[in-house]
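TrEMBL annotations:
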type	residues	note
DOMAIN	6-120	domain 'Tetrahydrofolate dehydrogenase/cyclohydrolase catalytic'
DOMAIN	139-281	domain 'Tetrahydrofolate dehydrogenase/cyclohydrolase NAD(P)-binding'
BINDING	165, 166, 167, 231	NADP(+) binding site
Ligand SMILES: Nc1nc2c(c(=O)[nH]1)N[C@@H](CN(C=O)c1ccc(C(=O)N[C@@H](CCC(=O)O)C(=O)O)cc1)CN2
Ligand SMILES: [Mg+2]
């Protein structure tokens with residue numbers, strides 16, 4: 001029997017509809033939520049994601065503004081742009097599309113975003129608050145995965161979640177969010193020896209390694225929930241995840257496809273966070 005598909009497009013749309021309602025309420029009170037998206041350089045994938053973020057904002061009545069800077073932009077110039085956005089009354093969320101060109105210190109740039117506008121949840125203060133379980137903006141991809149699990153009725157408490165990958169934007173926060181919902185969490189990564197001996201124990205397996213079709217049937221326990229965070233291109237340049245879907249289908253109880261699984265949730269949760277930032281502004 002095939003695994004149940006967790007449909008991120010459908011779940012994402014349901015959440016976007018609810019976010020759109022909140023935008024209407026804010027506009028009735030004279031406030032249009034505004035997102036500034038900073039794009040530096042000519043990375044084609046980044047340009048596509050940024051376009052999708054802007055379109056998604058507009059689709060639910062939010063304001064979005066693109067700050068497009070050339071590849072040669074200096075770190076100082078970029079920091080100045082962010083400081084200006086930090087002061088803008090009409091901008092409630094700021095995001096800097098990653099990756100940045102090599103000559104720019106990503107950490108420094110992210111740390112400059114005002115925490116109340118850090119809708120990506122990447123700044124050191126946001127990350128610290130998340131670790132402490134305090135109210136803050138959660139990073140959009142792991143936040144989206146939590147919503148996929150919730151909307152699919154998947155129990156987390158008492159389950160063994162195994163994360164493959166330890167990036168700052170996915171793997172590390174993913175483990176924290178699952179831990180806060182009482183999962184037992186194991187982190188694995190590219191240097192973990194005998195990876196299948198760990199992943200085979202997972203009730204919930206999160207694949208966030210960034211390698212096409214890396215997770216095969218030998219990594220997955222019968223009945224596991226498999227969440228694929230990867231966005232890769234295979235040998236035929238076709239979009240694929242970190243999980244070999246054809247192999248794992250039928251072993252997992254539930255699985256997310258690529259495309260149409262975690263990806264759409266990333267932008268959904270960005271909209272969610274930006275509306276939250278605008279509501280916070282009204283409340284304070
Ligand atoms: N500042 C940020 N930079 C980056 C983030 C981020 O959350 N904040 N995440 C990724 C890229 N990303 C958003 O920025 C992103 C990636 C993929 C998708 C998505 O919807 N994927 C689709 C497929 C799209 C395609 O056809 O190429 C899917 O999986 O269905 C959304 C957002 C790195 N940078
Ligand atoms: Mg760099």
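Cβ atoms here come from the backbone N, Cα and C positions, even for glycine.
Keep in mind that what you see is a predicted model, and the values were worked out from it rather than measured.
Taking the features listed in TrEMBL, we show where each one sits on the structure.
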| residue | record | Cβ neighbours (10 Å) |
| --- | --- | --- |
| 165 | NADP(+) binding site | 23 |
| 166 | NADP(+) binding site | 18 |
| 167 | NADP(+) binding site | 15 |
| 231 | NADP(+) binding site | 19 |
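Checking the binding-site residues 165, 166, 167 against ligand 1, not one has its Cβ under 6 Å from it. The record assigns 165, 166, 167, 231 to the NADP(+) binding site, and the maximum Cα to Cα distance across that set is 16 Å. DSSP gives residue 167 (NADP(+) binding site) a coil state; it is part of no helix or strand.
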